[in-house]
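Single-structure report; data block below.
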Amino acid sequence: MENAGPDAPVRLTPMMEQYIEIKAANVDSLLFYRMGDFYELFFDDAVAASAALGITLTKRGKHLGEDIPMCGVPVHAADDYLQKLIAKGYRVAVCEQVEDPAEAKKRGSKSVVKRDVIRLVTPGTLTEEKLLDPAQANFLMAMGRTRGDGALALAWIDISTGTFRVAETTPDRLFADIMRVDPRELVVADSAFHDEELRPVFDLIGKAVTPQPATLFDSAAAQTRIQHYFNVATLDGFGQFSRPELSAISGAIAYIEKTQISERPPLMRPEREHEGGTLFIDPATRASLELARTMSGKRDGSLLKAIDRTVTGGGARLLAERLTAPLTSPKEIAPRLDSVSWCLSEQTLCEALRLELKGVPDMPRALSRLAVGRGGPRDLGALACGFEAAGGIASLLDGALLPDELAAAREAIEKMPAGFAAHLDRALADELPLLKRDGGFVREGYNSELDEMRALRDQSRRVIAGLQADYIEETGIKSLKIKHNNVLGYFIEVTANNSGAMTDTDEAKSRFIHRQTMANAMRFTTTELAELESKIANAADRALSIELAIFEELTAEAVAHADSIRAAASALSVFDVSTALAVLAEEQGYCRPHVDDSLSFNIVAGRHPVVEQALRRQAANPFVANDCDLSPQRDGGDGAIWLLTGPNMGGKSTFLRQNALIAILAQMGSFVPAGSAHIGVVDRLFSRVGASDDLARGRSTFMVEMVETAAILNQAGEHSLVILDEIGRGTATFDGLSIAWAAVEYLHEKNRCRALFATHFHEMTALSEKLERLSNVTMRVKEWDNDVIFLHEVAKGAADRSYGVQVARLAGLPEAVVNRARDVLHQLEAGETSGKADRLIDDLPLFSVMLQQEKPKPQIQAKDSELANAVAAISPDELTPREALDLIYKLKELAGKA
């Protein structure tokens, strides 16, 4: 903040002095400074917030001779503005009034109401419903590092659900492990942040990185910090953690304590993830396969969007977690597949389960908001609604013979706190307000004193009307009214002409106490009216006070049952994911994959899950299924390599991606888009498909390609699956060919992994003669009348052409350019055959085709059209042999007429 230091030699108001003092302690955050019904921002904070939020920038007072910039947002709409600021990378310190203004006045007329920061709002510490995506986890991640050996670990927490995990990592895996979790915020020690070895990773992550003092990550003090946070005397029940893991856990907890100030979100005990338990997918592969987001950052078009049939927020998050971290143990994958199989076999029951699941709110997030003091009556209502749905699901499953995973989930649901569920049902009204301060959320009959206070508060109009009638009868003034305003409270009002009955005698004056004289009226009160007003006011305050006490009581009970509530919610998510994957499998015709520890990779009639659905939505031609068999050719052998050649637009990239996606789906525990699938678990998946540059880091498309290819060749092992597309195309032809050639040889001899390698270098097909595990396959095409028809079928063999000119024609290049390209191609091919290619280049007339008259397109005759229409109307898959023979005779007859 410029020009706002506390030592500035200028007289400021006490309020502004207070602001500057608080801001000095929160220099890295925008300060939301509470003033009445607004959060105000000043100085540079105001300028930044005004631009980010599109709100008016005004001014308040002067500092160093210049106006102080100011802007503000209403308290009731603060969440909407916080959402925009967080999305733009800002952190916000929320400063509230922590004493009543009346208390401040007791210290003197110029005393300022005490204020303090009650919370730091950062991307990784959100709990508000408006600020969170229901289908996406909101992780805060901390990186721990030990001195000396530099060992690394990551701990990640979603305070909106209580999820807490930790795992060791290494410098070469660090970026991949971070991107797998995809945290909203990464907290690192400031010493690590400036480390030359790690800094490139932090630069890639950008604004999400938050450096913090190294003392927060002290592994020696971690045990005490963990014990204090979880309120335990020993960590014996937490399992064993390494020093870097303790450092990461300490950093994560310390940052939560720092941002939540006095609140303590209820977290699960940290769960350790073991190395190798999940499929390693490097960041480039994760991006190119568009698992959770497309290359443009959108959810639509991603694999997650294509397979998501969940109906709850928790289920959507669990599905995303499984997709981004597929398992590598067949023993762990099988129970998930068993769950989907059971759901498919019990479709009627599963439909009933999904109807119940649709009524399940986000219980873990409601619980977290309640625990940190940001919850409301509707969060308690969410728990009650969730308990009701869970009870319905438990009833539906009563007596059902379930597979292991679903049986464990049912057990967790049955252990939910039934007593607390009944308590909520008795206590909460049917219609709940958003804010607890609005009252009205406690059911009538739950608390007798509350009912009494409400009656007095709500029946005040009837009581006042009765008193007004008594005063009219007593004074004889028929126009007498009892009214109310915020200044006088309740008062009696009569016209000036009628005031004599209330002022002419001493008895009347003592009875009716004069309060105010207006131009045409006079206002009075009575002891009786004042006492009634006090009772009414106190009744409203007392009713709200009782309700708030009940709210706190219910909240405390909810937090006390946090573990069982979260366990039940997690179980409901398991049922949601299992039934959703069953719906997907039934809807799309997926099969159960056979997953084991072998090196097999045999996909029969595989399809691309995203492209297939897109074609169906567009009512286009159906997706062409293809086989892929990378299994060892003999027992004990290594996986195979397929060298794929074929034209542009032939479907090579789609084929490559679909096999990688099938492996991911199988290992996450889903059925797969294929006729059958036998997959030996993949431990590392690498994909280099599609071209992109990295201009910000000074890297060309070719350089990016080489860096990613190097990572693959250096890390792939026999259980890996490698997908490579067009390696070497970004440089001179012979350079590219030699790099691609050497890469395939290395994959075959050194990595010995299963691989799909697509290329336009047809010379590489000769490798099949020297590499025993390499097979040539190609994308089939048909040529007809100078046109090429892409069949999108994979077949054994090799392509001898790329059909680039035909693709250029389909893309809409001017006919003159296409004709010129065809002439150049023919002469280059002839020159290559005769060894005179360079001389022929010089002999080509310079774009002479531009001078040629473009040939008119042939007119289609009616008879030709009749024949074409007849062919187009054929559905080959639906014809019997007899019908096909009859059709051949008919077409021959039409052809004869033509």
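The backbone N, Cα and C atoms fix where each Cβ goes, and this holds for glycine too.
Listed in Swiss-Prot for this protein:
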type	residues	note
BINDING	Gly646, Pro647, Asn648, Met649, Gly650, Gly651, Lys652, Ser653	ATP binding site
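Neighbour density for Pro647 (ATP binding site): within 10 A of its CB lie 21 other CB atoms from the protein chains shown. Its Cβ placed at the centre, Ser653 (ATP binding site) has 19 other Cβ atoms within 10 Å. Here the Cβ of Gly651 (ATP binding site) has 24 other Cβ atoms within 10 Å, regardless of which shown protein chain they belong to. DSSP gives Ser653 (ATP binding site) a helix state. Take the binding-site residues Gly646, Gly650: by the count of other Cβ atoms within 10 Å of each Cβ, the lowest one is Gly650. In this view, Lys652 (ATP binding site) is surrounded by 26 other Cβ atoms within 10 Å of its Cβ, with every protein chain counted. According to DSSP, Pro647 (ATP binding site) is assigned to coil rather than to any helix or strand.
Counting every protein chain shown, the Cβ of Asn648 (ATP binding site) has 20 other Cβ atoms within 10 Å.
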